[in-house]
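Participant: Among the features that TrEMBL reports, UTP binding site is placed at Lys124, Gln187, Gly219, Asp250, Lys393. Here TrEMBL flags His220 as substrate binding site.
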Amino acid sequence: FIQDFSKAMSQAGSSQFQEVIRQELEYSMKVELDKILATAHSNEVEHTKKDLEGFKKLFHRFLQEKGPSVDWGKIQRPPEDSIQPYEKIKARGLPDNIASVLNKLVVVKLNGGLGTSMGCKGPKSLIGVRNENTFLDLTVQQIEHLNKSYNTDVPLVLMNSFNTDDDTKKILQKYSHSRVKIYTFNQSRYPRINKETLLPIAKDVSYSGENTECWYPPGHGDIYASFYNSGLLDNLIAEGKEYIFVSNIDNLGATVDLYILNHLMNPPNGKRCEFVMEVTNKTRADVKGGTLTQYENKLRLVEIAQVPKAHVDEFKSVSKFKIFNTNNLWIALSAIKRLQEKNAIDMEIIVNPKTLDGGLNVIQLETAVGAAIKSFENSLGINVPRSRFLPVKTTSDLLLVMSNLYSLNAGSLTMSEKREFPTVPLVKLGSSFTKVQDYLRRFESIPDMLELDHLTVSGDVTFGKNVSLKGTVIIIANHGDRIDIPAGALLENKIVSGNLRILDH
């Protein structure tokens, strides 16, 4: 008994002790944030204050929560009707008045990311993807095509970050004559915190020069608060808009789908969904993608970071969790407003550790837009074809979308009819291809890939004009070697290694 009693006492003591430490950390954080705010110019004070208030709430939750793990025992498969097959939704057809349905829609693209992972400066959305068209060009073309075809007024909204806002706004002038109204708002700017002290590394509000590393945009879950705070949400509701379709600007498959929109606006059971998440079937390449589960009687997005270590392999299993989140989301504007005003949008905190150039370890607290699904009423998953998920994260992805596997029509990419099977080849380009400019230099023209299953390229390799790749092709130039694939070459089920200069032929 005495042992149990002292154990209980020490546990009570440790929880009190933890509470004291938490309060001290929050107090120190408040002091530091007040100092930073004091350095703001009068025209910056208002929005800096909003940003820091939002950060304070997130930091408070970060200190309160015991860690990101979900209770694995509570995870259940979603009920049958909570994830609908796309075919069933498409089979309903479209109403005659599709234009009036379209006029209730706003397209939102998440445009906060830089092209750094592909060796580019500036916003990722300005990287050329196809025939000189950037991600942003293709997006504008798609919506313009919709507006012209149906005589509608679907606007485009870009959620920028402080990293992408200036460059994006400069480029928007070129669309001033297009038939698309384009709006922008900025996501928040939060301070990175030192991993050891849990205090901000920024000393003032500036975010240029050496201070660029002190701040970060806190993930796309920030959309709800910053969209609301910008005033744009209220303006769009006042214009009669009812739903937003949100997706990553680098997902070239995320086009406006009229069947899904019709399902939202004219639900078969009369009860509208406030939140629809497009999911698609996992392949071996997607084992890390977040999945939809049933948790405490709600649909819930579970990301790999929330899975207890002992269950990570089970989470990655393609047989148990068959689908993953594409981050194509359809959300009711009125629901965002209601939940935001009640402060009732609940998203798990993602703790993202980074090491800065000088070697300092920092953490940034983020949230993900899809994690809010559990806060909305009558949520639904729709299992869409894989073609609606075509993200370009690397130059390997870029090679696919630049190739003849896809044809481009009014800003939309569709798989070529000449490809005999609907799956996309697996492409792995080595580190010599990571940066866009290196990648472009190594291909005189993009190879014919219609019959390709698998391509691995490693080392110093270049491709001449009009090369054809079929089946499985593996090209490996060892260190110090160089392989030049000559113009017009056909490689079918081939392994090429060693040293191959065009001169050798």
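Cβ coordinates are placed from backbone N, Cα and C, and glycine is handled just like the others.
Note: TrEMBL annotation is automatic and uncurated.
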Participant: Round to a whole number and give the Cα-to-Cα distance in Å for the pair Lys393 (UTP binding site) and His220 (substrate binding site).
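Facilitator: Pair distance, Cα basis, whole Å: 16 Å.
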Participant: Around Gln187 (UTP binding site), which residues of its chain at least 6 apart sit with Cβ under 8 Å of its Cβ?
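Facilitator: Residues satisfying the criterion: Gly112, Met159, Asn160, Ser161, Pro217, Pro218, His220, Asp222, Ile223, Ser226.
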Participant: Count, for each of the binding-site residues His220, Lys393, the other C-beta atoms lying within 10 angstroms of its own C-beta, and report the residue with the smallest count.
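Facilitator: Selected from the binding-site residues His220, Lys393 on minimum Cβ neighbours within 10 Å: Lys393.
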Participant: What is the number of other Cβ atoms found within 10 Å of the Cβ of Asp250 (UTP binding site)?
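Facilitator: By my count, 23.
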Participant: Among Lys124, Gln187, Gly219, Asp250, Lys393, listed as contacts of UTP, what is the widest Cα spread in Å, to the nearest whole number?
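Facilitator: Maximum Cα-Cα distance: 21 Å.
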